[in-house]
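As annotated by Swiss-Prot, disulfide bond applies to CYS33-CYS59, CYS37-CYS61, CYS41-CYS62, CYS48-CYS65, CYS73-CYS87, CYS79-CYS100, CYS260-CYS297, CYS277-CYS311, CYS288-CYS327, CYS291-CYS329, CYS296-CYS333. Sequence annotations record features per position, and here Swiss-Prot assigns domain 'IGFBP N-terminal' to 29-103 based on sequence analysis. As annotated by Swiss-Prot, domain 'VWFC' applies to 106-172. The domain 'TSP type-1' annotation in Swiss-Prot covers 203-248 and rests on sequence analysis. Positions annotated as domain 'CTCK' by Swiss-Prot: 260-334. Positions annotated as N-linked glycosylation site by Swiss-Prot, on the basis of sequence analysis: ASN276. Look at Swiss-Prot and you will find 1-26 tagged as signal peptide.
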Amino acid sequence: MEPGGGHSLPVLLLLLLLLLLRPSEVNGREAPCPRPCGGRCPAEPPRCAPGVPAVLDGCGCCLVCARQRGESCSPLLPCDESGGLYCDRGPEDGGGTGICMVLEGDNCVFDGMIYRNGETFQPSCKYQCTCRDGQIGCLPRCNLGLLLPGPDCPFPRKIEVPGECCEKWVCEPRDEVLLGGFAMAAYRQEATLGIDVSDSSANCIEQTTEWSACSRSCGMGFSTRVTNRNQQCEMVKQTRLCMMRPCENEEPSDKKGKKCIRTKKSMKAVRFEYKNCTSVQTYKPRYCGLCNDGRCCTPHNTKTIQVEFRCPQGKFLKKPMMLINTCVCHGNCPQSNNAFFQPLDPMSSEAKI
């Protein structure tokens, strides 16, 4: 036996033990995604820092806080693509960890100030804007949602609060509302405060809210948002049709003891129905599943398409409609709101879509 040969076996065993204790990485790469995802995601969604969105991880399983500029990233910890970031893994790009970097792009000029591509700024307390390759996109920091009339608040109105940036909705007697103007008119006027759009030489700051939740938990409903993405740069309300899931067989799945099924795709082609009209084309939409543990599943990533409907007497009409890409199950379930969950009336102002 060679000198020192008796120590080689323990060293080899130690190296083997270290490799066994690190199964999550192979040659600098993360282990493949687990299939199925069930059981590995936290029950509650992550609490991200202000301005940091929650996105699905690289496996499409769990919500994680998007990594910001200069932070480490990986397929399971993606960068904030909405902020113009990408995961720079170096020249080899082996699929392992990297650093979130800003995509190259043009700078933006607003109110005499130059902002770099991907840079976020606040022109006022009401708006947060981002420079994206020479274009400025802004989102309101205040809640621009409508407070619809209901039994408890038949005449809502938005007012300014001293010492606070954002307006608040209040409920006042009918006489005071009639003296002060209609609630919708007050809302439309105040929604453009803080940005002077009268100067045609100034940039029109894009302001678009997120789509509201679908008005029905099953069957055809509608959702709304407020935007000024038009030539007049005026705040208008947009509405689209939506269907989270069909109403028939609305039972939580107990397949192999699973508590939730986030997203499921229709096995057969279906036609959407809107009042007495039927979609011309057939679709295989994705629906949000149900849970039997008290959580609810809602759309996480969606897109809007134009659906053509065939109506009685040979008439045709087109309506924007939400299609679901992915859903997420969580405990922050929407509360019942009788003023919001109303039948979709095609003659009402809410149904002008």
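Using the three backbone atoms N, Cα and C, a Cβ is placed for every residue, glycine included.
Note that the structure is a prediction, hence the values are computed from the model and not measured.
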Would you count the other CB atoms within 10 A of the CB of CYS100 (disulfide bond), including those on all shown protein chains?
22
CYS79 (disulfide bond) and CYS65 (disulfide bond), distance between Cα atoms, whole Å:
9
Across the whole of the domain 'IGFBP N-terminal' (29-103), what does the mean pLDDT come to? Round it, please.
80
Measure from the Cβ of CYS291 (disulfide bond) and count the other Cβ atoms within 10 Å, all protein chains considered.
19
Taking only the recorded positions CYS59, CYS61, CYS100, CYS260, ASN276, which one has a CA atom nearest to the CA atom of CYS288 (disulfide bond)?
CYS260
List, in sequence order, those disulfide-bonded residues among CYS37, CYS41, CYS48, CYS260, CYS297, CYS327 whose Cα sits within 10 Å of the Cα of CYS79 (disulfide bond).
none
Candidate disulfide-bonded residues CYS41, CYS48, CYS59, CYS73, CYS327, pick with smallest Cα gap to ASN276 (N-linked glycosylation site):
CYS327
Check each residue in the chain of CYS277 (disulfide bond) that is at least six apart in sequence and keep those whose C-beta is under 8 Å from its C-beta; list them in sequence order.
PHE309, ARG310, CYS311, PRO312, LEU317
Would you count the other C-beta atoms found within 10 angstroms of the C-beta of CYS311 (disulfide bond) for me?
13
